[in-house]
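Feature annotations, reproduced from Swiss-Prot:
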SIGNAL    1-28  signal peptide
TOPO_DOM  29-155  topological domain 'Extracellular'
CARBOHYD  Asn75  N-linked glycosylation site
CARBOHYD  Asn85  N-linked glycosylation site
CARBOHYD  Asn100  N-linked glycosylation site
TRANSMEM  156-176  transmembrane segment
TOPO_DOM  177-184  topological domain 'Cytoplasmic'
TRANSMEM  185-205  transmembrane segment
TOPO_DOM  206-222  topological domain 'Extracellular'
TRANSMEM  223-243  transmembrane segment
TOPO_DOM  244-395  topological domain 'Cytoplasmic'
MOTIF     249-256  motif 'HHHGHXHX-motif'
MOTIF     374-379  motif 'XEXPHE-motif'
TRANSMEM  396-416  transmembrane segment
TOPO_DOM  417-422  topological domain 'Extracellular'
TRANSMEM  423-443  transmembrane segment
TOPO_DOM  444-458  topological domain 'Cytoplasmic'
TRANSMEM  459-479  transmembrane segment
TOPO_DOM  480-490  topological domain 'Extracellular'
Amino acid sequence: MKLLHPAFQSCLLLTLLGLWRTTPEAHASSPGAPAISAASFLQDLIHRYGEGDSLTLQQLKALLNHLDVGVGRGNVTQHVQGHRNLSTCFSSGDLFAAHNFSEQSRIGSSELQEFCPTILQQLDSRACTSENQENEENEQTEEGWPSAVEVWGYGLLCVTVISLCSLLGASVVPFMKKTFYKRLLLYFIALAIGTLYSNALFQLIPEAFGFNPLEDYYVSKSAVVFGGFYLFFFTEKILKILLKQKNEHHHGHSHYASETLPSKKDQEEGVMEKLQNGDLDHMIPQHCNSELDGKAPVVDEKVIVGSLSVQDLQASQSACYWLKGVRYSDIGTLAWMITLSDGLHNFIDGLAIGASFTVSVFQGISTSVAILCEEFPHELGDFVILLNAGMSIQQALFFNFLSACCCYLGLAFGILAGSHFSANWIFALAGGMFLYISLADMFPEMNEVCQEDERKGSILIPFVIQNLGLLTGFTIMVVLTMYSGQIQIG
């Protein structure tokens, strides 16, 4: 007798085995198979959450909390009227009252069976989904909130460090004509642009919309926004460099230099206009006029606001003028305008710092870093403008520091507003302000500082310094935003 093929034997054996396992007798004879009934599910719940054969009210509440049911804050007497508003998320007390449960009640199988449709309806309506998310966000926010001591302590410390920048102006006066000073100032201006712009993109504006960098994943999109800005900046600078070299090769001179240098006639007309308006008397003392021969362009209004040209004007004046006491009536109007505008600017800075610290210590320090990078070059420029407007060194230091102290007032308002109201509105205001300061105020100032080097033919070094400052500020803000959850302070 021939044996069957091994492969056919295996298939036949598997078929017989499958038929045997699917017969009802096999299931009935299986000793480990428990009998499943409707009551088994209720008994399992009572066994896991209760004691014996019943549940206490607290144990039933634990079951509801596990299912995210009964977490509302409503009143059943107000909502349950003729089957309306059943989509409301009820509290556990409301649900217990609807079934006449008291504190001493014991919930057995029959009571739990009657209570199950209530649980099923609340789960199906998803009424408590938004309530649970809000409760989780509130718990996370309350855990992350800094204490009052941390808010005021870190806030006062950061504002003090920022305000001390206003006293650094006098220390740099001897170095204003040095090449390294101008390039260092250029780096700080570019750094301020990078930090302010990136702080608005990565922290202030997203915080105003309620975004979380660890949950909403907006950092990459904000980086693309900065990339678009940087791409056009880089392309424009490269094109200017190439066109300048081409023009120098063909014509032997730069068209940019001819545009930035006014003619002698224009310079003289600018001086006469200032003399007629009476502004030049405040900007340049009579005994120093003889020292400014050939430097008439510095009195142009656009150049007076710029940091570099104002420093050239100040360096050309005699040091004895700075040390003289000046009557307040002899101080130019420009000095008071600068002091008032700088005070308002510092107040808004303090407002942003205070509101940031009420959210988290890390957010406050990030905002303070951006403001510090912006304040350093601005305070140096403001100090020189005050000197040129007729103030002595002592007066310039005093009023510059006085305007810087407005940051303390803004800090107090920011902390109080952020503690009692939503800080998102303050973040929105500060974000818009940071964008304006970085792009409309400091960016033209950075280009103006580069003009002298461009006229001399040294274009590459200022371009590299600008890129280093912008990318450094961008990197600082990206790192602070990405690792805000991992870095612990205090």
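Including glycine, each Cβ sits where the backbone N, Cα and C put it.
Residues 151-152, 155-156, 159, 162-163, 165-167, 169-170, 335, 339-340, 342-344, 346-358, 375, 379, 382-383, 386-387, 426 of the same chain lie 6+ residues outside the transmembrane segment (396-416) yet bring a C-beta within less than 8 angstroms of a C-beta in it. Each of 156-176, 185-205, 459-479 was scored by its Cβ pairs under 8 Å to the transmembrane segment (223-243), and the highest score goes to 459-479.
Within its own chain, the topological domain 'Extracellular' (417-422) is flanked in space by residues 151, 351, 354-359, which lie at least six positions past its ends and keep a Cβ under 8 Å from the stretch. Summarising model confidence by region, the topological domain 'Cytoplasmic' (444-458) averages a pLDDT of 79. Here the motif 'XEXPHE-motif' (374-379) is broken down by DSSP into helix, strand and coil counts: 6 helix, 0 strand, 0 coil. For the transmembrane segment (185-205), same-chain residues at least 6 beyond its ends with a Cβ under 8 Å from one of its own Cβ atoms are 213, 219, 222, 225-226, 229, 307-308, 352, 363, 366-367, 369-371, 373-374, 376-378, 380, 427-428, 430-432, 434-435, 437-439, 442-443, 445-446, 449-450, 462, 465-474, 476-478, 480-481. Same-chain neighbours of the topological domain 'Extracellular' (206-222): 359, 363, 423-425, 427-428, 431, 478, 481-482, 484-485, counting only residues six or more beyond its ends whose CB sits under 8 Å from a CB of the stretch. The residues of the topological domain 'Extracellular' (206-222), classed with DSSP into helix (H, G, I), strand (E, B) and coil, number 7 helix, 0 strand, 10 coil. In the three-state DSSP scheme, Asn100 (N-linked glycosylation site) is classed as coil. Around Asn100 (N-linked glycosylation site), no same-chain residue at least 6 positions away in sequence has a Cβ under 8 Å from its Cβ.
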